[in-house]
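**Q** Per TrEMBL, the features are:
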ACT_SITE  Glu80  active site, proton acceptor
ACT_SITE  Lys179  active site, proton donor
ACT_SITE  Cys212  active site, nucleophile
DOMAIN    31-307  domain 'CN hydrolase'
SIGNAL    1-22  signal peptide
Amino acid sequence: MLPSQPLLQAVVFTLAVLQALASDTFIAAVYEHAVILPDVSDEPISPDDALALMNKNMDVLEGAIKEAAQQGAHIIVTPEDGIYGWRFTREAIYPYLEDIPDPAVNWIPCTDPLRFTPAPVQERLSCMARNNSIYVVANIGDKKPCNSSDPSCPSDGRYQYNTDVVFDPEGKLVARYHKYNLFRGETQFNYPKKPEAVTFETPFGKFGIFTCFDILFREPAVVLVSELQVDTVLFPTAWMNVLPFLTATEFHSAWAMGMGVNLLSANTHNISLAMTGSGLFTPEGPAAYHYDSETEEGHLLLAELSARPRLSPTYPPAINWSSYATSIKKFPGEKDTFTGTVRRDVFTFNELMRKAGNYTVCQGDLCCHLIYRMSNKSKDEVYVLGAFDGLHGSLIKYHWQICTLLKCKSTDLNTCGQPVEMAQTKFEMFSLSGTFGTNYVFPEVLYSGVQLAPREFEVLRDGRLKSKHRTSKPLVTVTLFGRLYEKDLPHPLRTSP
């Protein structure tokens, strides 16, 4: 007699758990999804039409989930806005939203879909997880009614939140996170009254979750890693690439290294908006990543990761990011500095006049030191050392400290800081350091063609970002990206309860 389907699923789930418990590693997947977008409209469509659009996207996601599970993945992360897109007013997005309960209710939508108000999206995501015995991470919208007794209640009587959900291999809702730092233009959503630090335990480590713009702020990102000690961060995102420092794979890999955790980053794919770049990033560098600015296709990534990276023998040692830079005398060059703009941020630059040398450039409390040697400097390429110490952002202002070696767009120094993707010059070596006033510093090395440099550089315990050997590809940027969270200005849009 063949076992029943529920019994068979329970056996498969139990075996998967035992297998994970027996290993110090797990297989993770992320899917970069080319979202099928609705027609642009200020008016809401019918719930049936909204669900039809979402089902088209979930058809694609389900295919990726099945493929990941067949390849042994224990968890898969899908992108922010991956089920319905982003072209919405507050009113127009409403038919796409569902009421997402607190995971404490212990709910499996796949087997008990009528327990709460109709939630066909949660039911289908739950069934994807259950039918494939895999953790599924998705981004959807949550709606919560409110009334006049709540002074923060919107005039339409509801809160609307950009929300991540996680379903375990049984299909149970185990995590719900409301995005705390909304990006400009996300006026269809409300800010939560307080930040949420969402974690959950798995057989392969402690997981935390947040969304896109959240990664740049102390809450929830630093709280999850530094205070709650998660092993892995789940990161649905819709990231628009911004060279020279905030390209998705570049910054997300650097963040994982700087914070010392795994980061499972799943990006939306839309080349007209420069959205691409997903990866499985670790404290040692990228395990796998994808960047495609040419095609309109989605992409699945898988990699085996350490379940508890802090216990790994290869876990990087603690770094004093200012130790070396504050111990040496300034290198020559301060008299030859000039200013240049990187997305409205005014940097202090110094041109690298020779094929090899030592330079220092300072701004505010930050001094950046560079030792370098080029191997085949192209005559029509100019490189500079730059420093920035100040507030970034036009509306929401947060404090950066940045030391960077970067290629200018042309030989005209006025172009230094403008986006550049291609280069011809390779380096025999480089060593970059800075007098940072923070322990939160993220090391980046970007090669020509927006390619990362896995295992080709290292950060020494005294804060020097150094090449291990001659660069294998021409160099676009080398950057130490610091965040002084304590100097951020109060958020101008988030309202108090």
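Glycine too: its Cβ is placed from the backbone N, Cα and C atoms.
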**Q** Let me check the 10 A CB neighbour count of Cys212 (active site, nucleophile). How many other CB atoms are there?
**A** 27
**Q** Return only the integer: C-alpha distance in Å from the residue listed as 'active site, nucleophile' to Glu80 (active site, proton acceptor).
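**A** Here the two Cα atoms lie 7 Å apart.
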**Q** Using C-alpha atoms only, work out the spacing between Glu80 (active site, proton acceptor) and Lys179 (active site, proton donor) and round it to an integer in Å.
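**A** Each residue's Cα considered, Glu80 (active site, proton acceptor) and Lys179 (active site, proton donor) end up 10 Å apart.
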**Q** Return the residues near Lys179 (active site, proton donor), defined as same-chain residues 6+ apart in sequence whose C-beta is under 8 angstroms from its C-beta, sorted by sequence, else 'none'.
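**A** When sequence neighbours closer than 6 are ignored, Lys179 (active site, proton donor) has Tyr161, Asn162, Thr163, Asp164, Phe189, Pro192, Phe210, Thr211, Cys212, Phe213, Asp214 within Cβ distance under 8 Å.
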**Q** CB neighbours of the residue listed as 'active site, proton acceptor' within 10 A?
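**A** 27, counting other Cβ atoms within 10 Å of the residue listed as 'active site, proton acceptor'.
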